[in-house]
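The transmembrane segment annotation in TrEMBL covers 88-107, 136-155, 331-357, 369-387, 417-433, 478-507, 519-540, 547-566, 572-592. Look at TrEMBL and you will find 115-263 tagged as domain 'DUF4131'. Residues or ranges marked as domain 'ComEC/Rec2-related protein' by TrEMBL: 310-600. The region 'Disordered' annotation in TrEMBL covers 791-824.
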Amino acid sequence: MGERVREGQAGNNPVVEASERDLLAVAATHAVSWAQPAAPDADAAAGALPLQPRHPSRLQQASQLLAGHQINARSVLAAIEAELDRGAAFLLVPVFLAFGALVYFTLPTEPDLAPLVAAFALPALLASLRRTHRLSHYTLAAVAAGMLGMVVAKFETERMATKMLGAEISTALTGRVVEIDHLDNGRVRLTLDVLATARPVLRYAPERVRLTARKLPEGVQAGSEVTGYARLMPPSGPVRPGSYDFSFESFFDGIGASGFFMKGPELAVATQPLSVSDRASASVENVREKIAQRIRERIGGPEGEIAAALVVGVRGGIPEDVNEALRRTGLYHIISISGLHMAMVAGTVMLLMRLSFAAFPNFSSHWPVKKVAAGAALVSTGGYLFISGAEVAAQRSFIMLAVMLVAVLFDRAALTMRNLAISAIVVIIISPHEVVGPSFQMSFAATAALVGAYAWWSDRREEQAPPTGQRSLPSKIWRWLATVTLGLVATSLIAGIATSVFGAWHFQRVSPLSLVANLAVMPFVSVLVMPFAVVAGIFMPLGLDGIFLDTMGLGLKAMIALAMWFSERSPVDAVGLVSTHAVVLVTAALIIASMATTWLRVAALPLAALGVLTVVETKTPDVLVSEDGRLVGVPVGDGRLAVNRARPNQFTVDNWKRAVVSEEIVSPARIAPDSPTKAGSSLNLGGVSPPTSLGSFACGNGVCIVGQSAGAQIAHAENADSARRACASAKLVIVNDATAKDICPNSAAAVLTSRELARLGSAAIFLTPMSDSARPKVEIRHALTEPYRPWHAQRAFSREARGLPPYKRADKRPKPPYAATPSQ
């Protein structure tokens with residue numbers, strides 16, 4: 001059974017350890033023997049133990065099946081039976097839970113809770129009654145698990161019920177400070193619990209907001225009350241259909257509005273006492289702020305900001321050029337507290353504990369020091385979770401690591417797919433909305449791939465014959481270095497491959513130099529940064545952390561230098577839109593490859609190949625429009641994206657550039673009416689569009705027009721009157737006016753107004769040439785649909801969505817006295 005034999009602690013009686021994989025192995029009656037009977041030899045005849053036949057690998061088994069044409073219903077059912085006997089059904093529970101949660105969050109309308117509970121209870125009851133019928137039992141259990149995922153997602157939505165601001169407004173706001181984050185531009189971002197509003201009083205005020213301020217008055221800390229005049233804005237939607245939804249994330253983060261202080265803030269006298277939980281949260285937040293300030297003062301520069309991010313989870317102060325370099329080189333995961341950091345903290349604590357116990361051999365021989373070290377690591381990572389801010393990604397990583405450490409406490413293997421499944425189940429039950437985000441998907445994809453690869457490698461090592469003879473010390477050192485290097489390369493390669501499709505799907509970018517950059521940087525992070533961060537945290541209360549922080553700073557300085565070097569030499573990382581069905585295929589391939597233990601694992605190959613072949617979205621937008629109707633982007637060929645504003649929103653245009661694989665932004669040309677164009681003709685925005693050869697928006701008299709690469713003319717107007725002048729020549733007219741109606745009644749031009757954008761979000765427009773017409777077919781796809789889901793319901797209350805003009809405060813100032821004219 002693959003047992004391992006070690007000597008007992010007292011005496012020479014062997015103690016047999018059975019691995020967890022062996023305990024779940026298929027019984028002999030179900031297994032297919034692949035070994036050929038061994039021929040007797042002289043040693044066997046002499047009474048020696050015969051050599052055990054070596055079993056072929058899974059790939060060899062599959063190749064034998066393919067060569068012998070033995071793949072049939074019986075062999076497939078036998079393999080499935082073997083997978084189920086090894087516990088594959090339990091491993092698939094989080095898969096169906098996540099699938100159910102995904103289905104809930106992608107539904108076009110909000111379902112009621114009662115039907116979902118009934119849809120879960122019925123198959124769950126039937127599955128319990130059909131336990132003796134394996135096929136029906138597993139089928140019903142899978143349906144029940146999927147419905148349970150929908151139920152817990154609905155529960156989370158009902159539990160959060162975040163109040164979201166519907167429209168922009170300015171008000172005098174009083175709030176309690178929850179979190180303080182210092183930004184790289186010198187400003188400060190505050191997370192506030194709203195206590196009161198005035199001038200005007202908001203009838204449906206959000207409970208928590210996130211505001212920026214130029215500076216803070218002395219004495220402001222977590223738990224303090226501040227007041228000031230602020231501009232509040234509702235959370236924005238996706239910058240284009242299919243991109244990151246800020247409203248969704250804000251809803252589940254409990255943030256109902258964002259904005260900035262127009263005046264203040266000022267420290268206010270506390271009007272409401274803090275509850276016990278608020279007082280505890282404020283204390284933890286103040287400790288985090290003091291630790292971050294101590295790190296910044298000691299290390300300084302970008303290194304100090306990254307060190308603060310690694311220890312207490314505050315990333316706002318990292319310079320943008322450093323952030324971009326880390327993104328381009330695939331190193332940004334280092335500054336986002338995740339499983340890597342939790343594992344390094346736990347590993348450092350366990351190593352320090354084991355080294356300490358080694359100094360007391362008598363104690364170590366009588367007590368389970370490994371379990372004591374695992375318990376200390378569990379407590380340390382729990383403290384690290386709170387000090388780091390307990391973000392959702394950190395919570396997920398802690399749960400995964402805690403399951404593994406608890407397994408060590410109970411003498412079970414830590415790195416198993418079963419422990420990973422338990423972690424995923426807990427995470428999905430607690431925060432089901434995380435399954436739609438890149439952090440959850442990339443984290444579990446990388447971990448599943450690594451655990452599956454580790455299991456495969458362990459099986460391969462067990463099949464190999466043990467080494468014979470003694471190696472010299474140089475040979476041992478060389479073998480250890482080669483093993484460590486190979487392990488780093490394999491880890492980076494496997495994790496990079498497993499997460500690349502998800503990263504490209506969510507961010508439309510990949511990091512071509514990610515593998516070599518991680519190989520170059522991770523030794524500094526693993527040796528100089530995280531271990532010394534742990535030791536610095538231990539000695540910080542004593543004031544002896546300086547030398548350890550200095551060493552940590554040196555490692556971070558090397559990391560930044562390498563990131564900058566690789567970033568300067570990294571090619572363009574934009575990959576364009578990635579098709580959803582390709583992500584589904586690759587996900588299915590990853591699940592099969594990491595969970596299967598029989599020859600069924602090769603079924604992942606055709607799925608992965610098909611996913612890679614169809615990864616690129618064949619249809620990209622011809623026009624992109626922001627949800628406020630102010631910004632329009634049009635690809636004009638040669639990797640250029642023309643925009644209608646000289647100073648566009650940088651985040652939006654960066655996203656658009658990656659989506660349409662453009663490298664250059666073309667600013668608009670401000671041309672007065674009747675002025676000559678580059679083509680030598682007159683530009684009359686009253687009725688004649690500019691020539692396509694301009695390659696940029698030509699703006700004047702309230703209208704911007706550009707020639708699209710296929711020959712269609714796109715117009716953007718600030719109001720209805722200006723828009724009507726472009727109806728004759730433009731194929732598409734975008735009007736930044738929510739009150740506009742009947743723009744082009746006598747024209748075939750398609751019209752998109754700010755009211756539609758306010759209701760349905762940003763738009764991606766596709767122009768399809770028609771064979772029987774000179775005008776292309778215009779297809780408009782919005783980011784949102786109606787009826788709204790709870791995280792978008794606030795959009796219906798904006799003035800633009802209701803077709804009203806922007807709000808203007810009535811002028812209540814006294815009018816000047818009437819001035820008499822000389823004639824009077």
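Cβ coordinates come from backbone N, Cα and C, glycine included.
What TrEMBL says about a protein is an automatic prediction, not a curated fact.
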Requested in this report: Take every residue in the domain 'ComEC/Rec2-related protein' (310-600), average their pLDDT values, and give the whole-number result.
Outcome: 87
Query raised in the report: In the same chain, who gets a Cβ under 8 Å from the transmembrane segment (417-433) while lying at least 6 residues past its ends?
Result: 20, 87, 90-91, 93-94, 97-98, 101, 104-105, 149, 152-153, 156-157, 248, 252, 392, 395-396, 399-400, 403-404, 407, 440, 444, 447-448, 451-452, 455, 594-595
Requested in this report: With a Cβ cut-off under 8 Å, give me the same-chain residues at least six positions beyond the ends of the transmembrane segment (88-107) that come close to it.
Outcome: 138, 141-142, 145-154, 417-418, 421, 424-425, 428-429, 432-433, 435-436, 591, 595-597, 789
Query raised in the report: Counting only residues 6+ away from its ends, which parts of the chain sit with a Cβ under 8 Å from the transmembrane segment (519-540)?
Result: 291, 294, 307, 310-311, 331, 334, 341, 344-345, 348-349, 380, 387, 488-489, 492, 548-549, 551-552, 554-556, 558-559, 562-563, 566
